[in-house]
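Colleague: Just passing along the structure, written as structure tokens.
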């Protein structure tokens, strides 16, 4: 399947995909939990759903995989001093980055192949700070939709690149060492309920920190539990000291099982490919050249956009 969007020619592909999109906001939520769903049934007039639906806006989740431009982006991040620009734009981030850096140095470990200290610190910076997680996810959902907006308003260029690169490098390292391609992990969200159906395709449009521990998915109580079979996520316990797998925002999943209960729901998801809207956005922001968008590996009936604000935890 070719790219869903060819920005150079401004043509939508394929033409059989209906332009239906919607944004859903859970009432009373605080922390953004971005999901992109395809195949989700639209609510009917009689359905009782505690959400607000807006059919006017696309989500714009920033999901760059840096396909074919990883080295160039790394060089530009350094040359443009984007680390300083990003850190100075966020309150207390420099202190938190220093703390994450010190935590890595104190572990005294050897870096995995092809990884740098910055990769390790980026993982700790993200996984150890809930404020960073919240701010980062919110920014990915709203302020990187065009190259110009990305350059001007997205102050997580450095973190996004190094988290994405770290996941990709760790996957290669894991495959070379033990041949492990996929992981069964668990994730739960508090005070959130989802309505999907078996066979629907779902995408978490954010970096999702999940647990390898099965007991994490056994505590019911007004929450949604996910059992996820990820094939693009990477284990980060070597850095965070927790049995975690970090799932990238561009991985697609199919809902293969589910159950609903008054005090807790459960969904079982299986990896089914990847989907990115953006590619090499940093280079596009500083160049007039047309850089190809990424190829989407997926079969979608239509793409429905959903943004959910909630409290979530592993």
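Note: Cβ is positioned from N, Cα and C throughout, glycine not excepted.
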Colleague: For the NAD(+) site that Swiss-Prot lists with 126, 206, give the additional residue from the candidates 165, 174, 240.
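Modeller: Answer per Swiss-Prot: 240.
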Colleague: Hey, of the recorded positions listed (114, 240, 257), which one tops the CB count within 10 A?
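Modeller: Answer returned by the neighbour count: 240.
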Colleague: What is the maximum Cα to Cα distance, in Å and rounded to a whole number, among the residues 126, 206, 240 annotated as binding NAD(+)?
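Modeller: Across 126, 206, 240, the widest Cα separation comes out at 19 Å.
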Colleague: For each of 206, 274, count the other CB atoms within 10 A of its CB; which of these recorded positions has the top count?
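Modeller: When each Cβ's neighbours within 10 Å are tallied, 206 leads.
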Colleague: Could you check which of the recorded positions 69, 114, 231, 274 is the closest Cα neighbour of residue 206 (NAD(+) binding site)?
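Modeller: The smallest Cα gap between residue 206 (NAD(+) binding site) and any of the recorded positions is with 274.
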Colleague: Which number gives the other C-beta atoms within 10 angstroms of the C-beta of residue 126 (NAD(+) binding site), all protein chains shown included?
Modeller: 23
Colleague: Across the whole of the domain 'TR mART core' (91-276), what does the mean pLDDT come to? Round it, please.
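Modeller: Over the domain 'TR mART core' (91-276), the predicted model scores a mean pLDDT of 89.
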Colleague: Once near-sequence residues are set aside, which residues in the chain of residue 285 (GPI-anchor amidated alanine), 6 or more away, have Cβ atoms under 8 Å from its Cβ?
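Modeller: In sequence order, the residues whose Cβ lies under 8 Å from that of residue 285 (GPI-anchor amidated alanine) (at least 6 apart) are 147, 148, 150, 151.
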